Amino acid sequence: MFSRIARPTATLARSLSTSSQNNAKVAVLGASGGIGQPLSLLLKNSPLVSQLSLYDIAHTPGVAADLSHIETRAHVTGYMGPDQLGDALKGCEVVVIPAGVPRKPGMTRDDLFNTNATIVATLADACARHCPQAMICIISNPVNSTIPITSEIMKKHGVYNPNRVFGVTTLDIVRANTFVAELKGLDPARVNVPVVGGHAGKTIIPLISQCTPKVEFPAEQLSALTGRIQEAGTEVVKAKAGAGSATLSMAYAGARFTFSLLDAMNGKEGVVECAFVRSEETECKYFSTPLLLGKNGIEKNLGLGKLSAFEEKLVAEAMDELKGSIKKGEDFAAKMK
């Protein structure tokens, strides 16, 4: 029914089994929303999660009650409103943040900035106060700015650890795998395309030359494929005709990343995922590349690898936009009291 949730490290089928008994407390901030609800469902289904803490500004008790009836061992608690945010975060080892407003037709991720930047800054501040050692996984867009915001807020509290703050770009990888598989007649569960850069428009850079299994496309088709991966979010926004943005696929991708992280925290070796993180790999302060995950978050940044001439050009063309988005996030955080 479901294909795997993480490539190559964890599968949804396996995470639904009872063979792996672990004791992680995971919080979802924005749990009542379009991404938050299906994401919470996937997390509730996993034996990697022993406690699931759900937070939102409305409807959380109902979501928590609903999920608590599912016959898996994760204990679900719901928290609602700012007064309960601290309690939601206490003792959490992983915090996943899909909170914010979705994109509507005609909106760019940048249009979301003012609303979502404030939401993420508030939640990051609470994480710094109540679970400073937790792994923080940001889904809220624009990720290219919300990760710098989160980092700066953590720095203000003196608890910033760059190895524990992740911008979840996994949906770009999931889409790239799917689209390549469609074009080549492959099983998408066996395709792995690293996607580097950022998480918006032309900053999304699929490294088709590093795809496994190896695939090749004529120049025109490669360009079209790259463009589709970069604008896949807009494809969904248009198809939903004002009813929202990518929620189900994002929940899947968010769960995949969370399960990979939990696997690595539990001592599994060789867990690799791409994410938008503090980086020395390019001239940008933050950049998404494949990361080797471990017990303490990022164990090693695996870098860009060997790029084709086409990919080198894409990276170069993304730099100015990426730097601008990063600065926008840093400037926003600097103005916060």
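Quick reminder: no glycine exception, Cβ is built from N, Cα and C everywhere.
The active site, proton acceptor feature in TrEMBL is assigned to His199. What TrEMBL records for Gly30, Ala31, Ser32, Gly33, Gly34, Ile35, Gly36, Asp56, Asn116, Ile139, Ser140, Asn141, Met250 is NAD(+) binding site. The substrate binding site feature in TrEMBL is assigned to Arg103, Arg109, Asn141, Arg175. Annotation source TrEMBL lists domain 'Lactate/malate dehydrogenase N-terminal' at 25-167. The domain 'Lactate/malate dehydrogenase C-terminal' annotation in TrEMBL covers 169-332.
What TrEMBL annotates, mapped onto the structure for a quick look.
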| residue | record | Cβ within 10 Å |
| --- | --- | --- |
| Gly30 | NAD(+) binding site | 26 |
| Ser32 | NAD(+) binding site | 22 |
| Gly36 | NAD(+) binding site | 27 |
| Arg103 | substrate binding site | 21 |
| Asn116 | NAD(+) binding site | 22 |
| Ser140 | NAD(+) binding site | 27 |
| Asn141 | substrate binding site | 27 |
| Arg175 | substrate binding site | 24 |
| His199 | active site, proton acceptor | 29 |
| Met250 | NAD(+) binding site | 24 |
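For the pair Arg103 (substrate binding site) and Ser140 (NAD(+) binding site), the C-alpha distance works out to 11 angstrom.
Taken through DSSP, the domain 'Lactate/malate dehydrogenase N-terminal' (25-167) splits into 65 helix, 30 strand, 48 coil. In terms of Cα distance, the recorded positions that sit within 10 Å of Asn116 (NAD(+) binding site) are Asn141, chosen from Asn141, Arg175, His199. In this structure the alpha carbons, written CA, of His199 (active site, proton acceptor) and Asn141 (substrate binding site) are 8 Å apart. Sequence-distant neighbours of Gly34 (NAD(+) binding site) (same chain, 6+ apart, CB under 8 A from its CB) are Pro102, Gly244, Ser245, Thr247. A straight line from the CA of Gly36 (NAD(+) binding site) to the CA of Asn141 (substrate binding site) spans 14 Å. Looking only at Cα atoms, Arg175 (substrate binding site) sits nearest to Met250 among the binding-site residues Ser32, Ser140, Met250. Taken together, the residues in the domain 'Lactate/malate dehydrogenase N-terminal' (25-167) have a mean pLDDT of 96 on the 0 to 100 scale. Between Ser32 (NAD(+) binding site) and Asn141 (substrate binding site), the C-alpha separation comes to 17 Å. Asn141 (substrate binding site) and Gly30 (NAD(+) binding site) are 13 Å apart (CA-CA, integer value). A gap of 12 Å separates the Cα atoms of Met250 (NAD(+) binding site) and Asn141 (substrate binding site).
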